[in-house]
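S.K.: So Swiss-Prot lists the following for this protein:
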| type | residues | note |
| --- | --- | --- |
| MOD_RES | Ser2 | N-acetylserine |
| MOD_RES | Ser51 | phosphoserine |
| MOD_RES | Ser51 | diphosphoserine |
| MOD_RES | Ser90 | phosphoserine |
| MOD_RES | Thr95 | phosphothreonine |
| MOD_RES | Ser97 | phosphoserine |
| MOD_RES | Ser101 | phosphoserine |
| MOD_RES | Ser104 | phosphoserine |
| REPEAT | 277-326 | repeat 'WD 1' |
| REPEAT | 330-370 | repeat 'WD 2' |
| REPEAT | 379-420 | repeat 'WD 3' |
| REPEAT | 429-469 | repeat 'WD 4' |
| REPEAT | 474-519 | repeat 'WD 5' |
| REPEAT | 568-607 | repeat 'WD 6' |
Amino acid sequence: MSDKSELKAELERKKQRLAQIREEKKRKEEERKKKETDQKKEAAVSVQEESDLEKKRREAEALLQSMGLTTDSPIVFSEHWVPPPMSPSSKSVSTPSEAGSQDSGDGAVGSRTLHWDTDPSALQLHSDSDLGRGPIKLGMAKITQVDFPPREIVTYTKETQTPVTAQPKEDEEEEDDVAAPKPPVEPEEEKILKKDEENDSKAPPHELTEEEKQQILHSEEFLSFFDHSTRIVERALSEQINIFFDYSGRDLEDKEGEIQAGAKLSLNRQFFDERWSKHRVVSCLDWSSQYPELLVASYNNNEEAPHEPDGVALVWNMKYKKTTPEYVFHCQSAVMSATFAKFHPNLVVGGTYSGQIVLWDNRSNKRTPVQRTPLSAAAHTHPVYCVNVVGTQNAHNLISISTDGKICSWSLDMLSHPQDSMELVHKQSKAVAVTSMSFPVGDVNNFVVGSEEGSVYTACRHGSKAGISEMFEGHQGPITGIHCHAAVGAVDFSHLFVTSSFDWTVKLWSTKNNKPLYSFEDNSDYVYDVIGSPTHPALFACVDGMGRLDLWNLNNDTEVPTASISVEGNPALNRVRWTHSGREIAVGDSEGQIVIYDVGEQIAVPRNDEWARFGRTLAEINASRADAEEEAATRIPA
């Protein structure tokens, strides 16, 4: 408080000093203006002054007029006041007629005579009384004064019309001081102003106390500013641009062999954070539909850091070459699934091991959830392995499903209780322990799920047949991943889906047949996830426990993958996700690392005839399966 009062007193002293300077400035300005007006008056008087002879001439004329004499007499007033020619003996000029008229006007007064001195510089007027005659009686004469007004000169100047706003006088005076040309400042005043400025600049800044520093560091404004600024600085520092790149093609010629060798799959980025990713397993991946460069990854607990939060969700940015996550979210239970809220670009949804569903908002400065579902029997009580937002911009819901067989529908605005819930049960048996779920493109009612028992089920949310519809058997182990056909083209393949399992296989299915269409058996470990390309009808990807990523193009080959690559260190790959463009693919491993690969154009970009070719491939697969079933049927009787 003492610092504030001292600062306030210092400001008051400066204000008083400024007021004194302004008053002194105003007084000196008034003195200067007064001096200028006096000088102008003196100049006008000096201009009007005339020579002594001219003054005497005017006095003489006035005196003559007062005596009744007119200037029409033969006296000529020249430049040097030379009298008219006279005889050498004469010393005076008389006007008898005028004298007579004067006598007639006044009998007591004698005639008057005007006498001139021979010296033209001195004009002397002698009356008759000086010559021994009677005194002269003076009378009043009328003077007519005529004023001629000066000629009016009209001038025009161009101006810019601007709206006039009423402001306080103090503001106007300050603006005038700034805008109007300043009069020359006296050296003393200038020195005082400079001295004050130097004192202000040299004054040491106020040193904050530890309490004030902590208060600033923990303020919401500082945290928001620091978070935003560090994110921008990291992006700038992480950019790596090759300034020596040769556009003439020499660089490409040197690397032609490397480009052709790695054209199918090439490493793009790696995401790993020492604090939040280390010793954690990547449990789920999802790309943002609003911002295609953002990837959310969920992680389970870190057993070596018991004091850290069990569940973590990190948002990574593909656009900038920064090595730290864009956002860090966490909660008190391991996050088993995560997704971007499709129609809410700021929201991230997570499903936890405890059965809670949590909601994070990147507009909030908090890393903890802004909403969460209750831990009650009305919601989930088992781990939530699947969360998905389905619907349209104006009508959408969050769908969650857990290993207790319960599927819930939620509104993102209110997670206090589900809008709808249903238990998935097949033929009055126990509930299905769901491990994976997928919706066909454009469908919000029908979906497929994989279970811990190795069976696949089709189900629907609404209608008379709500619940489990059909069961598909073929896997010999728990289902780890399931995905419906997502590529939209000339032919509709939405009835197809692929599954992965602990039985080391990937299988292709159709909802029209409860037996697998084809089984891909090229892996030698658990296959943890599988997903179809969003743009290519015959392309899908899968990952296994040996750290291998396989890309299968069924139009090229159904026996071996079209492209394969192993992650360095061969960690188990838990999750795989295509970008929305289908040009990159992300994989997450058991050590908390996420690797992004670029997919070659010859694989990722479909040609116009890919849908027709895939139709023929399916026909061949169905024919081969029919032949195999017929051959198996003939073997049984034998």
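Each Cβ is built from the backbone N, Cα and C atoms, and glycine gets one as well.
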S.K.: Do the repeat 'WD 6' (568-607) and the repeat 'WD 2' (330-370) come together with 3 or more C-beta pairs under 8 Å, pairs six or more apart in sequence?
M.R.: no
S.K.: Considering every residue in the repeat 'WD 1' (277-326), what is the mean pLDDT value?
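M.R.: Taking every residue in the repeat 'WD 1' (277-326) and averaging pLDDT yields 91.
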S.K.: For the repeat 'WD 2' (330-370), what does DSSP give as the number of helix, strand and coil residues?
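M.R.: Looking at the repeat 'WD 2' (330-370) with DSSP, the answer is 0 helix, 19 strand, 22 coil.
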S.K.: By DSSP, how many residues in the repeat 'WD 1' (277-326) are helix, how many strand, and how many coil?
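M.R.: Helix (H, G, I), strand (E, B), coil: 0 helix, 19 strand, 31 coil.
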S.K.: Which residue counts does DSSP give the repeat 'WD 6' (568-607) for helix, strand and coil?
M.R.: 4 helix, 18 strand, 18 coil
S.K.: Sort the residues of the repeat 'WD 4' (429-469) into helix, strand and coil with DSSP and give the three counts.
M.R.: 0 helix, 20 strand, 21 coil
